[in-house]
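Trainee: Please see the structure below; I have some questions.
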Amino acid sequence: WLAAGRASRRLVLVVVFVALLLDNMLLTVVVPIIPTFLYTTEYEGANSSAAPAQTEPAPLAQKAPFFSMFSYFDNTTVTVSGSISTGDVANRSEISRLLQSAPSSPPLPSICLEGEEFLTKENVRVGLLFASKALVQLVVNPSVGFLTNRIGYHIPMFIGFIIMFVSTIMFAFSGTYTLLFIARALQGVGSSFSSVAGLGMLASVYVDDFERGNAMGIALGGLALGVLIGAPFGSVMYEFVGKSSPFLVLAFLALFDGALQLCILQPSKISPESTRGTPVSTLLRDPYILVAAGALCFSNMGVAMLEPTLPIWMMQTMCSPKWQLGMAFLPASISYLIGTNLFGILANKMGRWLCSLIGMAVVGISLLCVPLAKNIYGLIGPNGGLGFAIGMVDSSMMPIMGYLVDLRHTSVYGNVYAIADVAFCMGFAIGPSTGGAIVRAIGFPWLMVIIGVTNIAYAPLCWFLRNPPAKEEKI
């Protein structure tokens, strides 16, 4: 069975699917947890410790006897202490008489969190923490692409699993901003090994362009599923079980992926490419690869900007409870899952360039509609459209990257998928880090306008991928 497994393309696809699932669940599970966790530990913790020092004992002359007041709002008697004058007594009896004659009042609206200034500053800190993963991944990716060309894909995949496992355990037991920052940066290293080696391995075992498109669509389904269940899973587990619980579940998922790799992928086997791959510098000078990478970068930058800023905006304007902060991303995740699987097949028939062009335009329109929402239900439409459109772009551009290398360069895929991953990372590095600063300077609605218009303006460039020319020796 193991011998058959090692020769099976489907099991390679399963391993890559699970690796991308784990990476993206860890990517999004922190989105609803970090803002509220930092608010609880830093703002509320600081205020509760400062509160006793601020309270001063009142002079004995001003102290009043205790008295009872009956609340007709919730039918309870409350014991109240305070300074009372003759006018207060008269007022109280007047209020009591009015309450008895008044009809039952509607429930009071929920009170938003205090510390408006703290939340505004937190936009920047949370943005930097989220961006640290992508910034590290950006630096590590080229060397991983070079490494896969030298020693094959098995060992880098297994290294990625080990680093991801350590990062997940760190997230579970970190209690300060610094430790969370280190865990997030470490995740970037593991993610680089897993995604570059995984996508390169898929491209090498699925040599037919149509089959490769379908396989990439399924693998991106793992990415989509991770994004799909990460934020809602994190918010519900954090609300009802505790901060460590979602990360411990992900640690078990990481162990499962490591066991699969040991059984099937033979991480001890070194299998360098038979032909030398095209250098990264040469690929980066190819305008068609740059257009494809730009589409990946800007479309994903939209959701990257939403991740740190949307939960804090909801806390400020909608007074949302913890579990809603993650649930807001559920429509985007479900539609992304549908989009990647649907257009993995459809994009090849309608033209991948056209699929990407339409996708980027819809990304821009959806982002422009996000600030119009007044509650969590108003976010369903814009976030759903955003996820579906990003699914269109991703499922079209990943196979195009492999196709462009086949058409115009040497058919070795480690470096081109390192570039694709760099494009993702630039979106997820620039997005959160600048998004938090822009929100602090001009507000959340203007941030959505800027990134929405950028996507709409970039969309026509996808037309250049309609019929890219091949190199003479390839013809």
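Every residue gets a Cβ built from N, Cα and C, even glycine.
Model, not experiment: these values are computed from the prediction.
Here's the feature list from TrEMBL:
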type	residues	note
DOMAIN	12-470	domain 'Major facilitator superfamily (MFS) profile'
TRANSMEM	12-34	transmembrane segment
TRANSMEM	126-147	transmembrane segment
TRANSMEM	159-183	transmembrane segment
TRANSMEM	189-207	transmembrane segment
TRANSMEM	219-241	transmembrane segment
TRANSMEM	247-267	transmembrane segment
TRANSMEM	288-306	transmembrane segment
TRANSMEM	326-346	transmembrane segment
TRANSMEM	353-373	transmembrane segment
TRANSMEM	385-405	transmembrane segment
TRANSMEM	412-431	transmembrane segment
TRANSMEM	443-465	transmembrane segment
Trainee: Would the transmembrane segment (219-241) and the transmembrane segment (12-34) count as touching if the test is at least 3 Cβ pairs under 8 Å, pairs 6 or more apart?
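Mentor: Output yes: the transmembrane segment (219-241) sits against the transmembrane segment (12-34).
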Trainee: Find the average pLDDT over the domain 'Major facilitator superfamily (MFS) profile' (12-470) in the predicted model and report it.
Mentor: 76
Trainee: Please figure out which one of 159-183, 326-346, 353-373, 412-431, 443-465 racks up the most CB pairs under 8 Å against the transmembrane segment (288-306).
Mentor: 412-431
Trainee: Would the transmembrane segment (443-465) count as touching the transmembrane segment (353-373), if touching means at least three Cβ pairs under 8 Å and pairs must be 6 or more apart in sequence?
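Mentor: Between the transmembrane segment (353-373) and the transmembrane segment (443-465), which are separate recorded stretches, there is contact, as judged by 3 or more close Cβ pairs.
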Trainee: Within this structure, do the transmembrane segment (353-373) and the transmembrane segment (189-207) have 3 or more Cβ pairs under 8 angstroms, counting pairs 6 or more apart in sequence?
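Mentor: Per Cβ check, the transmembrane segment (189-207) does not touch the transmembrane segment (353-373).
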Trainee: Decide whether the stretches the transmembrane segment (412-431) and the transmembrane segment (159-183) have at least 3 CB pairs under 8 angstroms, with pairs required to be 6 or more apart in sequence.
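Mentor: By the criterion, they do not touch.
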Trainee: Please indicate, using numbers and ranges, the residues of the same chain that are 6 or more beyond the transmembrane segment (126-147) and have a C-beta under 8 Å from a C-beta there.
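Mentor: Sequence-distant neighbours of the transmembrane segment (126-147): 27, 30-31, 34-35, 38, 156, 177, 180-181, 184-189, 191-193, 196-197, 200, 280, 304, 307-309, 312, 414-415, 417-419, 421-422, 424-437.
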Trainee: Under 8 Å for C-beta pairs, could you tell me which stretch among 12-34, 159-183, 385-405 has the largest tally with the transmembrane segment (353-373)?
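Mentor: Top-ranked stretch among 12-34, 159-183, 385-405: 385-405.
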